[in-house]
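K.L.:
Structure below; questions to follow.
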Amino acid sequence: MVNLNTIPPKNGRDYYIALGLEGSANKLGVGIVKHPLLPKHANSDLSYDCEAEMLSNIRDTYVTPPGEGFLPRDTARHHRNWCIRLIKQALAEADIKSPTLDIDVICFTKGPGMGAPLHSVVIAARTCSLLWDVPLVGVNHCIGHIEMGREITKAQNPVVLYVSGGNTQVIAYSEKRYRIFGETLDIAIGNCLDRFARTLKIPNEPSPGYNIEQLAKKAPHKENLVELPYTVKGMDLSMSGILASIDLLAKDLFKGNKKNKILFDKTTGEQKVTVEDLCYSLQENLFAMLVEITERAMAHVNSNQVLIVGGVGCNVRLQEMMAQMCKDRANGQVHATDNRFCIDNGVMIAQAGLLEYRMGGIVKDFSETVVTQKFRTDEVYAAWRD
């Protein structure tokens, strides 16, 4: 049993309020979360019974032209330009008149992520902390996704599939830490999809992965799945070879290279494969790999629940394939959230940070607010968990 309110709320109130700042990649998010003083069951897991109320969830995305990615310096400039106005908007939406009196803690993404954008956001967090005399909590970005997913879906102790632009991990909780059972050996799945979108020169708005998903739905030859590398090594997977292979196919398709017999009929020279077919084949291949390693983790930890978090977790086809796998397991369940919470946001940072704050995990000196691009999920001690 742990004290679920190690640090009491401000001014004798019966609730806590946290401001969360997220900016690890091209999305800048500001969120505000409210917790009651005590959960319904004082002996239980704080993160399961915290009864979070989302007061505000504001986000702005740095979007580049088709065929281009986002550079750290440009992304950081976007965050600097938008951070103050998003904070003001979030405070207004949450009806917070005096941050000094009303906000218990400011939570910021400490890592992992892109260095310059992370640094821009932590400077904003430090500034607000000094202006309002409010303590800080640094949050692991991956833990933020997990705790937000658990809060929204109420999944009790699932195997977590964390799929985003910079991370691909299969995770399960054990003994106060989120343990990584499997992960990518090279690039993340979101990175793979984004880079293929650049090859196709399709729009980056609302996101490259979403646009690939829409193209995949329109594939006219779903029965003719293009063969691609399938690289699963135990609990880990590799996606760089798949990307290299499909990039070459796309370039041959654009050039009209009829020597490529995968794309063109060897007798008539007619095109057999479309861009939509390539998108569909890439998705099916990548998602099959994810389902395989997730099922292996479920068997290992004897779990019948999967929680999909991260930006790629919004993909309906991934959710369908995972649900199909879970049907073959006793009482199998798939949990996922919509794009308000799957995609990077400030609320998830506020949620995870407030859980840590309530257990006494505050930053004692600004020297502890240095961000890190490499911050492993299993480095975090989850004091708020049973």
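Cβ coordinates are placed from backbone N, Cα and C, and glycine is handled just like the others.
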K.L.:
The substrate site in Swiss-Prot includes Tyr162, Val163, Ser164, Gly165, Gly166, Asp194, Gly209, Glu213. Which of Asn57, Asn315, Asn331, Asn339 is also listed there?
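P.N.:
Matched candidate out of Asn57, Asn315, Asn331, Asn339, per Swiss-Prot for substrate with Tyr162, Val163, Ser164, Gly165, Gly166, Asp194, Gly209, Glu213: Asn315.
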K.L.:
In Swiss-Prot, the divalent metal cation site includes His141, His145, Tyr162. Which of Asp328, Asp338, Asp344 does it also list there?
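P.N.:
Matched candidate out of Asp328, Asp338, Asp344, per Swiss-Prot for divalent metal cation with His141, His145, Tyr162: Asp344.
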K.L.:
Nearest to Asp344 (divalent metal cation binding site) by Cα distance: which of the binding-site residues Ser164, Gly166, Gly209, Asn315 is it?
P.N.:
Ser164
K.L.:
Can you tell me whether DSSP puts Ser164 (substrate binding site) in helix, strand or coil?
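P.N.:
For Ser164 (substrate binding site) - judged by DSSP and reduced to three states - the answer is coil.
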K.L.:
Cβ neighbours within 10 Å, counted over all protein chains: which one of the binding-site residues His141, His145 has the most?
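P.N.:
Top count of Cβ atoms within 10 Å goes to His145.
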K.L.:
Looking at Cβ-Cβ distances, which residues of the chain lie under 8 angstroms from Ser164 (substrate binding site) while being 6 or more apart from it?
P.N.:
His145, Ala188, Ile189, Gly190, Gly310, Gly311, Val312, Gly313, Asp344
K.L.:
Cβ within 8 angstroms of the Cβ centroid of His141, His145, Tyr162, Asp344: which residues besides those meet this for the divalent metal cation site?
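P.N.:
The answer, listed by sequence position, is Ser24, Cys142, Gly144, Ile146, Ser164, Asn167, Val309, Gly310, Gly311, Met348.
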K.L.:
Of Gly166, Gly209, the binding-site residues given in the record, which has the fewest other CB atoms within 10 A of its CB?
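P.N.:
Comparing Cβ neighbour counts within 10 Å for the binding-site residues Gly166, Gly209 gives Gly166.
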K.L.:
List the residues of the same chain that sit at least 6 positions away from Asn315 (substrate binding site) in sequence and have their Cβ under 8 Å from its Cβ, in sequence order, or write 'none'.
P.N.:
Gly209, Glu213, Gln283, Phe287
